[in-house]
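Only one structure is covered here, and it is reproduced in the block below.
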């Protein structure tokens, strides 16, 4: 297991600031839309914000209950109240900063550590609490950030006019997707035994793979929304049903209770609308090939429909540019995907017992809970 470094602590502290700024930008953009009379857009922004916050609080509190099982119920009541007011993520950041500071700055030498509290336990504890935060941020990315990016790009295509708050919203969306995907992979590598460090080149390959394929897909569904909003919504619902059905057939075991497990599967179904995730830690060559082959066919179909019917709200030159960017992003994204899985994926050099196919998260060997969360989470 890799160590929790001072650099990790600095990035963790920066993550809190980015989270607060992101929340502020969401409300700022929503208020701008309300002031301009675009009530539907403002409500959509707030709905995505509220949905992701609610799901995050539910999972966060459930994890606290699992971790603190058999401890003082008074603490759990206090934790419940904090989560009820949608502030549970700040409690987790507080614990992460506390453990991270001890691991990065105050950890004693191995000679001075007791047998019951070895230095690697402090490191593991820091990695575990940060990993929990990063799992929650994955939920936020695909329940809030990515849908908001779709809304903003749709508005840009439909009206062509842009103001500073929309630039800020799109910038924060891309930052959120980038940071959450890379941080999650870093946590995954730290939680896997005998794993090489997630160096700069693999980070860039993975980041470009995710960002480019997601960007291509968001542009595609924005185009079909310009042709018909009803068609785009129907397409997204159909894709969610497919993803949810596939998740059910995988018999996931992420949560201890059946209700939470079904909620987890519902969320994974939403995530699968935007990007591929391996939720069972098995080999994914066939699944990921089918997923992106289908994505390519659907994207080309959307581009054909858009060019044939040519939405009146978008100029022909703009439609041509968007189409080129969509295809180029998809091709480059798949190229980065192939490079990452062929040369930088952990299964190329990790023990079979340590990881089966690390897709975005299931291969963690956390021992803090009997059935470690990270061990059964979505992977890449």
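Cβ atoms are placed via backbone N, Cα and C, with glycine included.
Residue ranges 262-279, 352-369 are listed, and TrEMBL annotates 262-279 among them as transmembrane segment.
The transmembrane segment annotation in TrEMBL falls on one of the ranges 143-160, 233-250, namely 233-250. In TrEMBL, the transmembrane segment annotation falls on 167-186 of the listed ranges 107-126, 167-186. Ranking 9-29, 76-95, 167-186, 207-227, 291-309 by CB pairs under 8 A with the transmembrane segment (41-64) puts 76-95 at the top. Counting only same-chain residues 6+ beyond the ends of the transmembrane segment (76-95), those with a CB under 8 A from a CB of the stretch are 12, 15-16, 19, 53-54, 56-58, 60-61, 64-65, 68, 129, 132-133, 136. Most Cβ pairs under 8 A with the transmembrane segment (167-186) among the ranges 9-29, 207-227, 262-279, 291-309 are made by 9-29. Through the fold, the transmembrane segment (9-29) approaches residues 42, 45-46, 49, 89-90, 93, 96-97, 100-101, 103-105, 130, 133, 137, 144-145, 148, 165-166, 168-169, 172, 175-176, 179, 183 of its own chain, all at least 6 residues removed from its boundaries and within a Cβ separation under 8 Å.
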